[in-house]
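Heads up, the thing below is written out as structure tokens.
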């Protein structure tokens with residue numbers, strides 16, 4: 001749909017620009033987590049301004065407990081902190097392999113929590129996607145024992161983070177902005193508590209200047225757009241579809257650099273990217289077919305709007321992703 005397409009485009013563009021700004025800020029700030037912390041703090045300040053102007057929408061009455069919000073804020077901080085440490089001690093290729101492992105982790109966790117099952121055809125499609133992305137992006141696998149442990153420890157919090165974002169919006173009436181407003185302070189507190197253990201000394205003695213400040217502010221704004229559009233995508237689809245969307249962005253960036261700027265990643269990487277996109281296309285087609293099947297089976301007394309996507313999947317289908325689309 002057009003709205004979903006706009007969300008995906010905004011997410012991809014803001015992700016790329018935010019990565020550039022955060023990377024630039026880290027080149028000036030030799031503290032891997034402080035730029036992330038300041039960026040997150042500025043995001044929360046921006047949402048406070050929106051709330052003061054009554055622009056931030058209020059959340060509908062929700063049955064979610066404080067424990068759910070606390071858990072989401074905690075796993076967000078843990079996921080962010082461990083990802084930065086993993087990039088510090090491992091190569092980008094090894095970090096990419098850890099990201100690919102998030103997909104089967106989500107499938108396993110959703111089966112344990114919600115008894116969601118994925119059809120064999122979708123398992124094959126997701127396997128093709130994972131293999132294609134690995135071939136396209138993993139060019140080096142340099143890592144240390146400590147870095148490998150951190151990367152493995154990052155996989156589960158990352159998967160839980162995506163599952164909670166999707167579940168709280170689809171089942172418990174949260175809007176994306178309202179959920180961001182509630183969980184960002186929790187994330188800030190935990191991330192601040194991790195900084196003394198993850199960053200080298202010098203947090204409070206760093207010399208700030210105009211360039212560093214502007215980079216942090218710019219990264220915060222683009223990071224806000226990234227998180228917002230990502231949350232919208234999670235609310236509209238699912239954790240798995242969100243991961244596949246991110247992998248699609250990776251392949252598009254690789255092929256775009258090759259076609260537009262003459263970058264040559266190699267024949268193997270290009271073939272891997274096209275293989276991954278083929279798997280994504282098959283996964284999307286299977287989701288669309290499942291969606292039509294679900295609409296056809298819907299009782300005339302219960303419209304699709306009367307039940308959440310996840311409820312339909314758990315109650316009416318053995319295929320855990322029958323109603324999703326990427």
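Start at 1 and count along the chain as shown; that gives each residue its number.
Yeah, the Cβs are placed from backbone N, Cα and C, and that goes for glycine too.
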Correct range for transmembrane segment (source TrEMBL, candidates 40-60, 145-165): 145-165
Per TrEMBL record, range annotated transmembrane segment [choices 267-286, 287-306]: 267-286
Feature transmembrane segment in TrEMBL, mapped to one of the ranges 4-24, 67-87: 67-87
When counting Cβ pairs under 8 Å to the transmembrane segment (67-87), the leader among 93-113, 120-139, 210-228, 240-261, 267-286: 93-113
Same-chain residues at least 6 beyond the ends of the transmembrane segment (93-113) whose Cβ lies under 8 Å from its Cβ atoms: 83, 86-87, 126, 129-130, 133-134, 137-143, 147-148, 151-152, 154-156, 158-160, 162-163, 239-240, 243-244, 247, 320
